[in-house]
Amino acid sequence: MIIRSPEPEVKILVDRDPIKTSFEEWARPGHFSRTIAKGPDTTTWIWNLHADAHDFDSHTSDLEEISRKVFSAHFGQLSIIFLWLSGMYFHGARFSNYEAWLSDPTHIGPSAQVVWPIVGQEILNGDVGGGFRGIQITSGFFQIWRASGITSELQLYCTAIGALVFAALMLFAGWFHYHKAAPKLAWFQDVESMLNHHLAGLLGLGSLSWAGHQVHVSLPINQFLNAGVDPKEIPLPHEFILNRDLLAQLYPSFAEGATPFFTLNWSKYSEFLTFRGGLDPVTGGLWLTDIAHHHLAIAILFLVAGHMYRTNWGIGHGIKDILEAHKGPFTGQGHKGLYEILTTSWHAQLSLNLAMLGSLTIVVAHHMYAMPPYPYLATDYGTQLSLFTHHMWIGGFLIVGAAAHAAIFMVRDYDPTTRYNDLLDRVLRHRDAIISHLNWVCIFLGFHSFGLYIHNDTMSALGRPQDMFSDTAIQLQPVFAQWIQNTHALAPGATAPGATASTSLTWGGDDLVAVGGKVALLPIPLGTADFLVHHIHAFTIHVTVLILLKGVLFARSSRLIPDKANLGFRFPCDGPGRGGTCQVSAWDHVFLGLFWMYNAISVVIFHFSWKMQSDVWGSISDQGVVTHITGGNFAQSSITINGWLRDFLWAQASQVIQSYGSSLSAYGLFFLGAHFVWAFSLMFLFSGRGYWQELIESIVWAHNKLKVAPATQPRALSIIQGRAVGVTHYLLGGIATTWAFFLARIIAVG
């Protein structure tokens with residue numbers, strides 16, 4: 001730690017009334033751009049309007065003004081999030097069977113949407129149990145409401161109204177901090193203060209207050225619910241907070257108050273701050289007492305972290321010092337200059353944050369099934385599948401976004417004249433070695449992983465099962481993964497002496513948790529089939545990275561186009577008269593990367609869906625015999641391409657294809673509609689601009705003949721616009737098709 005003489009006090013850094021609020025200005029489309037504000041000459045105008053409305057870099061080059069716009073937009077985003085949350089809670093309050101579900105979560109499905117009968121839609125309202133007819137939801141809200149201690153629809157109403165108030169507050173804040181009191185640039189660049197507030201305030205106090213809520217409200221209410229007490233009989237949340245005797249009846253150590261804390265006799269609190277591991281056999285979720293303990297521990301860590309950086313007092317770390325000291329024997333100047341990049345380029349900052357958040361979101365996807373955090377979540381198979389799929393897609397999009405903004409940083413904000421021999425410069429100087437090696441890895445992985453399947457299909461087709469790669473013939477066991485599983489399964493008592501069970505049942509052992517005759521979780525065996533598909537995962541991920549990284553490293557220049565930086569982030573080709581230079585812009589790499597991201601995530605969610613139905617999910621008899629949904633067919637069927645098509649895609653699509661006339665029929669319609677949206681994208685991806693321009697001019701001629709030609713001249717989509725429309729429909733159609741396929745299947749059989 002570096003201790004210096006006290007630095008001068010930091011002043012309040014805002015400008016008062018910098019920009020006047022003007023509705024006339026807002027009402028003028030394109031007011032942010034001199035060209036667009038003139039109004040439309042051609043139909044390209046509407047595309048440019050949408051493309052540039054939030055591209056604040058194109059409105060002004062003043063970093064302070066850009067920062068203020070981004071800051072203000074964040075409040076608008078938060079407002080929308082609060083509005084969305086309010087809607088979710090309102091549906092729970094007004095249209096749901098939450099109270100019925102709470103009283104019997106194993107026999108009643110969650111529903112918070114009832115379809116109005118207009119022309120026969122009431123068929124969509126299926127019987128979810130308990131006499132309630134509605135659409136079964138798979139968002140996990142019921143489970144999280146129960147975990148947080150909500151026992152009535154009135155409480156959901158109040159929360160919904162509270163969220164609306166916060167939404168209004170955020171809208172006001174967005175206006176206030178742009179028009180009334182806008183921060184100066186120095187405020188946005190004061191990273192130590194920002195770290196302190198975000199770490200100690202948002203994450204530290206946020207986790208602490210959640211831990212407090214869990215201990216004082218969630219735990220006692222869930223104790224009562226688990227014991228079968230009628231929700232209407234349970235005391236209200238504020239009674240637990242105000243009346244310590246109520247809590248002391250459930251957790252006797254509460255009677256002693258804070259004495260054990262100050263006398264360091266912390267083990268007294270082990271009644272409600274536990275370290276058990278494994279799952280609660282009543283609910284099939286993590287022990288809520290473990291979760292409360294976790295949030296308390298996390299809060300302490302973040303509160304400490306929030307006090308590590310030097311602000312008004314001359315004590316603590318400075319980020320600039322840390323970065324500049326960060327150099328090894330082979331890394332030249334190391335991280336020197338990184339501080340300046342991250343405080344003057346919000347694209348660089350955003351890129352880093354998106355990469356981290358995307359990876360974290362994918363980690364969340366895996367934790368949601370391996371360590372199901374909420375009561376009765378693990379036995380709600382539709383919700384489990386939805387949560388995994390949702391978090392995988394979101395993570396994939398965020399990671400592609402990271403590459404997009406890294407490339408925008410390279411094109412717009414990177415200054416090669418000031419960067420010499422730091423890590424970024426060194427990476428750029430040996431980018432050819434990086435990309436060519438990565439390319440070799442992709443070719444190797446692609447041929448070998450796919451080759452294993454092709455071998456199996458060929459042997460299977462020729463009737464030679466003994467020559468296939470499988471658990472019963474030539475084994476390719478994932479020995480490293482199995483070793484990691486065993487290490488974790490054996491951890492309790494060795495590395496974690498206080499824990500009674502390992503972190504997740506999936507690691508191994510003999511434990512099985514079933515709730516209401518349904519499997520919540522059991523050890524997940526890994527075999528040859530998983531070895532094969534994991535190498536497909538490796539292949540698709542590496543190709544995605546190859547495309548995205550090439551886009552970033554060659555964003556400013558390449559051997560083909562040395563002056564690429566002058567052409568900008570997105571451009572169709574290097575001008576007329578230079579063939580073979582199309583699809584080289586950084587934007588095009590993001591465009592291509594999106595398709596491979598879609599590939600990668602699709603294989604992951606297919607693997608998950610089939611593996612869980614085959615080896616985990618199912619029912620358990622009174623004798624303890626488990627019957628899995630697809631009877632353990634993953635290990636032998638998924639080792640051929642034909643098996644994936646026949647026993648996964650085709651066999652499991654029967655529910656969505658045969659859904660007509662049932663309450664799942666909407667999924668059947670979506671399945672068809674989304675296939676159409678996907679196919680529609682190909683029209684944009686496989687056609688040239690000139691073809692459409694010719695057609696348009698012929699149609700305009702006909703309009704002129706009839707004297708109904710518009711004043712705005714119609715234009716074909718530009719190459720980039722066509723690709724943008726294409727990839728959007730490709731992804732939207734593909735994701736919605738998968739959604740309909742998964743949900744119709746799992747709601748029918750789960």
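Cβ atoms are placed via backbone N, Cα and C, with glycine included.
As given in Swiss-Prot:
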| type | residues | note |
| --- | --- | --- |
| TRANSMEM | 70-93 | transmembrane segment |
| TRANSMEM | 156-179 | transmembrane segment |
| TRANSMEM | 195-219 | transmembrane segment |
| TRANSMEM | 291-309 | transmembrane segment |
| TRANSMEM | 346-369 | transmembrane segment |
| TRANSMEM | 385-411 | transmembrane segment |
| TRANSMEM | 433-455 | transmembrane segment |
| TRANSMEM | 531-549 | transmembrane segment |
| BINDING | Cys573, Cys582 | [4Fe-4S] cluster binding site |
| TRANSMEM | 589-610 | transmembrane segment |
| TRANSMEM | 664-686 | transmembrane segment |
| BINDING | His675 | chlorophyll a' binding site |
| BINDING | Met683, Tyr691 | chlorophyll a binding site |
| BINDING | Trp692 | phylloquinone binding site |
| TRANSMEM | 724-744 | transmembrane segment |
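The structure, with features from Swiss-Prot marked on it.
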residue : record                        : DSSP (3 states)
Cys573  : [4Fe-4S] cluster binding site : coil
Cys582  : [4Fe-4S] cluster binding site : coil
His675  : chlorophyll a' binding site   : helix
Met683  : chlorophyll a binding site    : helix
Tyr691  : chlorophyll a binding site    : helix
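Within 10 Å of the C-beta of Cys573 ([4Fe-4S] cluster binding site) we count 17 further C-beta atoms, all protein chains included.
The Cβ of His675 (chlorophyll a' binding site) has 15 other Cβ atoms within 10 Å, all protein chains considered.
Beyond its flanks by at least six residues, the transmembrane segment (589-610) meets 369, 385, 388-389, 392-393, 396-397, 399-400, 403-404, 407, 530, 533, 536-537, 540-541, 543-544, 547-548, 550-552, 583, 630, 634, 638, 644, 648, 652, 723-724, 727, 730-731, 734, 738, 742, 746 of its own chain at Cβ-Cβ distances under 8 Å.
Taking only the Cα positions, the spacing between Tyr691 (chlorophyll a binding site) and Cys582 ([4Fe-4S] cluster binding site) is 18 angstrom. Rounded to the nearest whole angstrom, the C-alpha distance between Cys582 ([4Fe-4S] cluster binding site) and Met683 (chlorophyll a binding site) is 19. With a cut-off of 8 Å between CB atoms and residues at least 6 apart in sequence, the same chain places Ala716, Leu717 near Trp692 (phylloquinone binding site), listed in sequence order. The Cβ neighbour count for Tyr691 (chlorophyll a binding site), using a 10 Å radius over every protein chain in view, is 10. Using a Cβ-Cβ cut-off under 8 Å and counting only residues 6 or more beyond its ends in the same chain, the transmembrane segment (531-549) has close neighbours at 399-400, 403, 434-435, 438-439, 441-442, 445-446, 448-450, 452-453, 456, 469, 476-478, 481, 589-590, 592-593, 596-597, 599-600, 603-604, 607, 638-639. Cys573 ([4Fe-4S] cluster binding site) sits 21 Å from Met683 (chlorophyll a binding site), taking the CA atoms of both as reference points. Stretch with the most C-beta contacts under 8 angstroms to the transmembrane segment (664-686), considering only 70-93, 195-219, 385-411, 433-455, 724-744: 724-744. Below 8 angstroms of C-beta separation, residues 147, 191-193, 195-201, 203-208, 210-211, 214-215, 218-219, 272-275, 316-319, 373 of the same chain, each at least six residues beyond the ends of the transmembrane segment (291-309), sit close to that stretch. Cα of His675 (chlorophyll a' binding site) to Cα of Met683 (chlorophyll a binding site): a distance of 13 Å. Across the candidate stretches 346-369, 385-411, 433-455, the maximum count of CB pairs under 8 A to the transmembrane segment (724-744) is reached by 385-411. A Cβ distance under 8 Å defines the sequence-distant neighbours of the transmembrane segment (346-369), meaning residues of its chain 6+ beyond its ends; these are 66-67, 70, 377-378, 384, 387-388, 390-392, 394-399, 401-406, 408-409, 412-413, 506, 521, 608, 612. Residue density at Cys582 ([4Fe-4S] cluster binding site): 13 other Cβ atoms are found within 10 A of its Cβ, drawing on all protein chains shown.
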